[in-house]
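Going by TrEMBL, these are the annotated features:
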{"type": "DOMAIN", "residues": "201-533", "note": "domain 'UvrD-like helicase ATP-binding'"}
{"type": "BINDING", "residues": "Gly222, Ala223, Ala224, Gly225, Ser226, Gly227, Lys228, Thr229", "note": "ATP binding site"}
Amino acid sequence: MTDKKNGREYLGYVLEKLKERITEISLSLVEGQKEIEGMHEYYWENYTEMDQYGYENYDNQQALFRQISANEEQLILKQRFRRMADSPFFGRVDFIYEGEDEPEIFYIGIGNFAEKAGHIPLVYDWRAPVSGLFYDYDKGPASYEAPMGEIHGEVASKWQYKIRNGKMIYEFESDVKIDDEILKAELGSNGEVQLKNIIRTIQKEQNAIIRNTKDRIMVIQGAAGSGKTSVALHRIAYLLYHDRQNLKSSNILILSPNGVFSDYISHILPELGEENIKEMSFDLFAYKQLRDTVSDCEDRYDEIERRIRFPQKASLAEEKQSMEFINLMERYLVELEDRLMNFKDVEYKGFVKKESEIIELFYFKFQDFPLLSRMDAVADYFIDEVETLRDRDLADDEKDLIREKFMKLYVTGDLYVIYSQFLKENGYKGLPRVSYEKRKLKYEDVYPVLYLKYRLQSQQGRSNIKHLVVDEMQDYSRLQYEILQRIFSCRMTILGDRAQTMDDKQQDVLKFLPKIFGRDIHKIIMNKSYRNTIEIASYANQLAGIEDMELFERHGAPVEEKIFADMSHAAEEIAETLKLGEEEYETAAVVLRTEKEAEHMWLLLKEILGEKGFDIKERLSYLDRNSTSFKKGLTVTTFYLAKGLEFDQVFAVFPQKDRSPLVRQARYIAATRALHELHMYEVEK
Ligand SMILES: Nc1ncnc2c1ncn2[C@@H]1O[C@H](COP(=O)(O)OP(=O)(O)OP(=O)(O)O)[C@@H](O)[C@H]1O
């Protein structure tokens, strides 16, 4: 056995054991593969002689599935151990259990590793109960939550390691100062094109959120760069680890703002040894749900663009997603109970359901069904009766015919028509009367129609989703939360930042969320910002009038403010000031107000940088709403697509004269994207 107290020696020992385990697994994988091939061969040679009832065939298939899934598990394990062979651990806690004299030593890494399955780990997963000590305590009395209860004792010492390619780069006995230095080094490094995992340096306040399993709905209001997205993803990894029996990655859904953002965060869970999870934007979800009602829907970005270009034109989006509007819809829904109906007798091959009987079934027996699904229930009731009287089952086409007859008792079942009528009766302009192909919903109408759909038609519950993550919570309206509450009855992690609202005024969803989700909500505020240098964060805070943010002590260049006559002058300056290259930054962005301005800037930069010999093909990209990823190099985009992302160097280019509240928000969002260097440019023309 090795000296566990000596990090370097222990590293050598663990690496050796890892190598052995990897070899063992490789061998067992080869065996497993042979086994599978053997089963296939056996099947093809013998299938004609298998028992006629298929029992043997069934048994063979089951054995095959078991072997395949065992192989898959081994493969995943091997991948994890391979990753661990690069850096088996990053931390260590020496813990003296209450009543003991000598400390027990725990090394902490990206996953558990034991010499053999079921043995005591040589390295503990960062999510293991005992690893909580590493994040929550310095030297001194400490405790952690274990399955059998709270364990007390004392942290005798804590260590930090950096290991790369199996080589020890550094080891420190950690204290607050060193911890800060290590975090500073992590934050000071250049940006990747994807969000980094933070397991080496999770902060105490972040750890409390990650390891929280008791609250059903957690709502996190976190300042820009406070680590909300990182924390939410680590929380998912933590929950998956601790509730393997009930929670699978397929049970989790992230509502994220767009495709680029999805890509930006997509590798974290696989890196932490978990499978990737489903992500979707709410707009895409809505669009899919409404496909049988309209052929197209605007998305949120259309709405933002319109607001910027025509600020004087009042948008109804806010009004149509307000509580008052929901109340109007609810009142209309009550009226529809009568107005939507045109009852009369229904006859099928001599069997008659009288109008009065239908009314009775409709308003009493099936009153709990949503209005537009209720007649289906009445039709099924009638089908049952006919089948009983005839003493035979009806064929599917006969049943369809009957249902059709009952559906005719609705004046209309078309949500588009119903909603349009509602608008007109409440003093709004109705929707254009066009054929399905030409029906395109404006953004302001998308969610009201979706709401009506949920209120009027039975929906299949999304019971397979057991945890919903809502990122950028400030960008969802009251109405959208009402809909979410109807679709998902599961646990939720909802996170965002009211200061980054993409609207004229900041939206604080914390005010109304308890009214929608009840008292189960646990609110947490994260006020410490990690992303930006002090110079950048202070500058951005001034833009948004924020005073209560705590800043991580990391300094950089002052923010540069400049005014240019036009876009091409700004582009020239960007090309001059850009610091991309070896020994310099990895990522930079030019962030603009609208799609049109962004495209214009991109074309200008293409020309200017092209002339300078910059590799524009590989290192300059234009990010629009259909993009699904961004590359290292220079990215040109709008503020609303840059949201959630970060870049080493940021140029924010905005029209000087646009001082509208929405564009003030846009400037703030752009400024907070910068990790190390920020240039705020204003353009006169
Ligand atoms: N404990 C930590 N250790 C190392 N880096 C951290 C830590 N917490 C946050 N960071 C870093 O800070 C940056 C911001 O994190 P993240 O994007 O998760 O924040 P956010 O609150 O979602 O930001 P925003 O709302 O502004 O998009 C990232 O680079 C992240 O890696």
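Heads up, the Cβ atoms here are built off N, Cα and C, so glycines get one too.
What you are looking at is a predicted structure, and each value in this text was computed from that prediction instead of being measured.
Surrounding the centroid of the Cβ atoms of Gly222, Ala223, Ala224, Gly225, Ser226, Gly227, Lys228, Thr229, where the record places ATP, the chain contributes additional residues within 8 Å, namely Asp497, Met526, Ser529, Tyr530, Arg531. Cβ-based neighbour count (10 Å, all protein chains) for Gly225 (ATP binding site) stands at 26.
When averaged over the domain 'UvrD-like helicase ATP-binding' (201-533), pLDDT in the model lands at 91. Among the binding-site residues Ala223, Ala224, Gly225, Lys228, the ones whose Cβ sits under 6 Å from an atom of ligand 1 are, in sequence order, Ala224, Gly225, Lys228.
The Cβ of Ala223 (ATP binding site) lies under 8 Å from the Cβ of Asp497, Ala499, Met526, Asn527, Lys528, Ser529, Ile546, Met549, each of these being in the same chain and 6 or more residues away along the sequence. For the binding-site residues Ser226, Thr229, the largest tally of other C-beta atoms within 10 A is found at Ser226. Using a 10 Å radius centred on the Cβ of Lys228 (ATP binding site) and all shown protein chains, the other Cβ atoms total 25.
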